[in-house]
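So the structure is just underneath, and the comments pick up after that.
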Amino acid sequence: MSLLDDPKAAFADLSRPEGWVLGVSVAFVLFLFVAMLTGALGPTYFLFLVGLAGMYALLSFGLNAQWGFTGLINFSVAAFFGIGAYGTALMTASGSPIAGGFSPLVGLAVALVVALALALLIGIPTLRLRADYLAIASLGLAEVVRLIVLNERWLTNGSAGLRGIPGFFDGWPVLSTFPEAMPGLRLEVIPGSPVILETAFWQASLNVLLVLAFAGAAYFVLRRAHRSPWGRVLRTIRSDEDLARALGKNTYSFKMQSFVLGSLIMALAGVFYAHLNLYVGPGDLDPITTFYAWVAVILGGSGSNRGALFGGIVIVTIREGTRFLNDVALPIDPAPLRLLLIGVVIVAVMRYRPQGVLPPQRELIWPSAVGGGGTPETPDSGVRERKGGGDDE
Amino acid sequence: MSEGALPKEDAVLRVDDLQKSFGGLAATDHATFAVERGTITGLIGPNGAGKSTLFNLISGFYEPDGGTVEVNGTDVTGMEPYQVAEHGLIRTFQTPRKLEGMTVREAMLVGPRKQPGESFLTLFTSPGTVAESESANLAEAERILEDFEIDHLATQPATDISGGQMKLVELARAMLAEPEVLLLDEPVAGVNPTLAKKLKGQIRRLNEQGTTFLLIEHDMEFVMDLADPIVVLDQGHVLTEGTPEGVRNDDRVIDAYLGGGR
């Protein structure tokens, strides 16, 4: 049922945590909006944050497709993110040591192909084995990729990184000139603190458009895949791989598909990042990105696409929100406080809601198949809701 | 009796001279037997006789050191479990793990083989086909749950039902895979007597409808009542094979169980 058909029923359909998340999100957006109007938060910076949130959402979507769906432990999120970022940067940047100057669409294609090749390279030897082997191999892979980027100067420019990356829409009709073509706007909602919207703002809104397109497409694909028989096999593998094999499922192939899909989505996040930041360096491959993606997925609820989205937004809020604490006198530095806060959030979630804030709730059967016979989509009052308290089995 | 019972006219499963060693231990030692189409064949033997190893060898989970396994006349030796399943041999496990986050009918829907919706691309190129097969499979799953008299569990979380009910669901799900021969590993271990009786009735009913069974079971009363013929395994090889009556009165079988042989 859609929100438009029957808003009241759609809201009544929400579970309590869903209601909470919705309420807090609305309040948060209002808060940001007020902050923007009063001039406390620059609109361009705000759009940058939205872009970052979209990027983290993509990373968590990717990891969710691997860990949340299939139970694959991938510790090389940062590597696939970096491959995406460097893939497009090497093709498009003016400072690229090998190619450069190509259209960002070429960059996108190259990034995805390299990520695909890398996913196959690491998947082929490990996915036939138990889950632990992928975990170990991916941990190593992340470091190998980072060290190659750092040391192979002929290829990547080494520690200097790559400058001169164009915006994603450069060279496109209409969109490339859109930011300059738009007039500067001056809004004065609250007297004395005008909000000025100019070229940088319009440039930033293009980036938001791009990340919305990427994340929207990823979400659409994952949502459909998750509730399909394909997704059901993945979820079976997560609980009991031998059972899936005994029922005639080629689990190696399914695991590979899940791994590749997730890796491509992570690379997509990297492509977006390169064209948002216009500079990439080896520091972007630091393992902290992997850590953030894992926190986002666990926090949101493993296996849930909405949860991954939510987790990604929370991560950005904590990461960027703590910057504002610079203005407040605190007994400790904001930088370590950031990690501390994330630690506290994770401990709290594990203690009080181990299944995550928004676990996948409804039964996942291809939607139109359930329609006729039984009660549609809502018979179980939260499958995941009941588990995870440690009281089953 | 014994190995002389081979070859059988219409064997759906044929195990020939199968061997598997772990280190120096011959877990399966030149085992030879066949399961005739339409039977419920019992596989018994004392603890450590190699019953589970044999199941794993037949279903492709272990690779044999020697010998062959034939399903429906096709040599499936050394194939991956999913390929063996594609040839019509489906197995269940001694201790079924519950599928987290799935309802019972969802867990059932893992059963059908070769669903169009199991191909990632089809989800986007032909969603109509996926919806059609999903509807049909769901209807079939609900029908089978009804036959098993557990349709009231359909929308329960699979993690919430009892172990005995789970065994019923497993059997029901295996039926959705339309097996030619179904291997059941201790179907009534840890199941209460009422449910065990129900399971026995279901296995008998499905057998009458044409499914061939090979089952491992420790509950002698259960297996003697249900299965015919019975294959007795001891120390990895087939000790004897015959009717429940014949097996029960065979001195070698009694020796094997009571340890008189050694």
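Every residue gets a Cβ built from N, Cα and C, even glycine.
Feature list (source: TrEMBL):
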{"type": "TRANSMEM", "residues": "A:20-39", "note": "transmembrane segment"}
{"type": "TRANSMEM", "residues": "A:45-65", "note": "transmembrane segment"}
{"type": "TRANSMEM", "residues": "A:72-93", "note": "transmembrane segment"}
{"type": "TRANSMEM", "residues": "A:105-124", "note": "transmembrane segment"}
{"type": "TRANSMEM", "residues": "A:131-149", "note": "transmembrane segment"}
{"type": "TRANSMEM", "residues": "A:200-222", "note": "transmembrane segment"}
{"type": "TRANSMEM", "residues": "A:259-279", "note": "transmembrane segment"}
{"type": "TRANSMEM", "residues": "A:291-316", "note": "transmembrane segment"}
{"type": "REGION", "residues": "A:368-393", "note": "region 'Disordered'"}
{"type": "COMPBIAS", "residues": "A:382-393", "note": "compositional bias 'Basic and acidic residues'"}
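Here the transmembrane segment (A:259-279) has long-range neighbours at 48, 51-52, 54-56, 58-59, 61-66, 70, 72, 74, 77, 80-89, 92, 104, 107-108, 111-112, 114-116, 118-120, 123, 127, 134, 161-168, 207, 210-211, 214, 218, 221-222, 225, 293, meaning same-chain residues at least 6 beyond its ends whose C-beta is under 8 angstroms from one of its own. Counting C-beta pairs under 8 angstroms (sequence separation of 6 or more), the transmembrane segment (A:45-65) fails to reach the transmembrane segment (A:105-124), with fewer than 3 such pairs. For the transmembrane segment (A:20-39), the residues of the chain that approach it from at least six positions outside its boundaries are 14, 46, 189-190, 193-195, 310, 317, 357-358, judged by C-beta separation under 8 angstroms. Counting only same-chain residues 6+ beyond the ends of the transmembrane segment (A:291-316), those with a CB under 8 A from a CB of the stretch are 21, 49, 52-64, 67-69, 77, 215, 219, 222-223, 226, 235, 238, 266, 342, 345-346, 349-350, 355-361, 384.
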